[in-house]
Amino acid sequence: MAEIKVDEKEVLACCGSTHFAKQMAMASPFPSLDHAISIAKDIWFNKVDVIGWLEAFAAHPQIGDSPSSHTTSAQWSKGEQSTALATATDAGLQELSDWNARYRQKFGHVFLICAAGRSAAEILGELKSRYSNRPIVELEIASQEQMKITELRLRKLFSPKTKADSASSQYSSAVASNADKERVGVIGQHLTATLEGLPAKAPQVQARTRPPITTHVLDVSKGSPAAGIEVRLEMWKGSQPHPSFGETDTGRWVLEGSSTTDRDGRSGQLMSMVDALNPGVYRISFNTGKYNPGGFFPYVSIVFEIRQTQTLEHFHVPLLLSPFSFSTYRGS
């Protein structure tokens with residue numbers, strides 16, 4: 001497939017952040033859809049700030065509302081909400097509207113969820129569940145949902161482009177003369193004879209666009225990213241394959257990299273850019289005591305295992321921090 005080029009206007013239909021659209025257009029053309037999605041995730045999570053996230057959220061209509069405009073983005077939104085609208089009663093739509101208003105009043109932005117294939121009852125249940133979140137926690141969840149929507153729309157954007165490219169190739173083949181086909185056949189025989197003696201080419205692994213392990217720290221007590229926190233990434237190298245609860249493990253953790261969170265609370269280059277991670281047990285430690293001397297935790301460590309089948313994946317480990325508690329989950 002030939003490389004596919006996209007412009008800012010096309011990308012804005014996928015995600016309403018102007019910075020995101022500009023960065024994607026600059027990175028264009030893309031050799032494949034998968035490559036475009038990989039670049040999109042890197043730009044969205046590592047290069048677009050909170051203001052850009054909110055700009056993208058604002059481009060979405062409220063769940064349950066039918067867009068009145070005929071833009072590509074509006075029509076895609078209508079299609080993504082079709083299941084919800086088809087399964088909603090009048091009373092259900094009113095309840096959804098009421099909860100949307102409550103949500104916007106609390107969080108300051110539209111309730112965002114990848115609605116494709118979801119019923120009205122399912123979306124309403126998710127809205128009610130997420131309403132109890134702290135604003136900074138909900139901002140992170142909404143950003144994940146926006147990326148799901150962006151990926152879905154990039155697939156829609158690329159679909160007619162790839163079909164057009166395929167049709168063009170088929171047409172070129174169809175109009176070739178018999179003489180051309182005969183010449184191609186002769187050349188092919190020579191190439192086959194030559195290539196038979198060569199070793200098979202190893203499959204190429206797509207290069208990463210960000211380090212394979214990243215983190216993002218949010219200070220829920222302030223409702224903002226936690227900047228300036230020292231972060232260490234270590235790998236278990238003890239005599240046992242796994243560290244055991246309650247056993248002394250001094251000297252068995254080997255430093256893989258360290259960093260300090262930026263103004264957006266992100267860890268930046270926490271480790272080297274490698275295509276494949278070494279399988280094993282890793283530990284991320286946060287110097288929370290230095291960040292908040294009056295807090296309950298002198299430091300926080302999170303231990304997790306990467307298996308042989310996961311070495312090509314990306315691991316994002318956000319930390320939600322308050323003076324007397326913390327929580328984490330694995331992001332994409």
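Glycine residues also receive a Cβ, built from the backbone N, Cα and C atoms like all the rest.
Summarising the annotation, TrEMBL assigns substrate binding site to HIS216, ARG266, TYR329. Among the features that TrEMBL reports, domain 'Oxo-4-hydroxy-4-carboxy-5-ureidoimidazoline decarboxylase' is placed at 11-155. Summarising the annotation, TrEMBL assigns domain 'Transthyretin/hydroxyisourate hydrolase' to 213-331.
Helix, strand and coil content of the domain 'Oxo-4-hydroxy-4-carboxy-5-ureidoimidazoline decarboxylase' (11-155), in residues and according to DSSP, is 102 helix, 1 strand, 42 coil. Mean pLDDT for the domain 'Oxo-4-hydroxy-4-carboxy-5-ureidoimidazoline decarboxylase' (11-155) in this predicted model: 89. When DSSP labels each residue, the domain 'Transthyretin/hydroxyisourate hydrolase' (213-331) comes out as 7 helix, 52 strand, 60 coil, counted as helix, strand and coil in that order.
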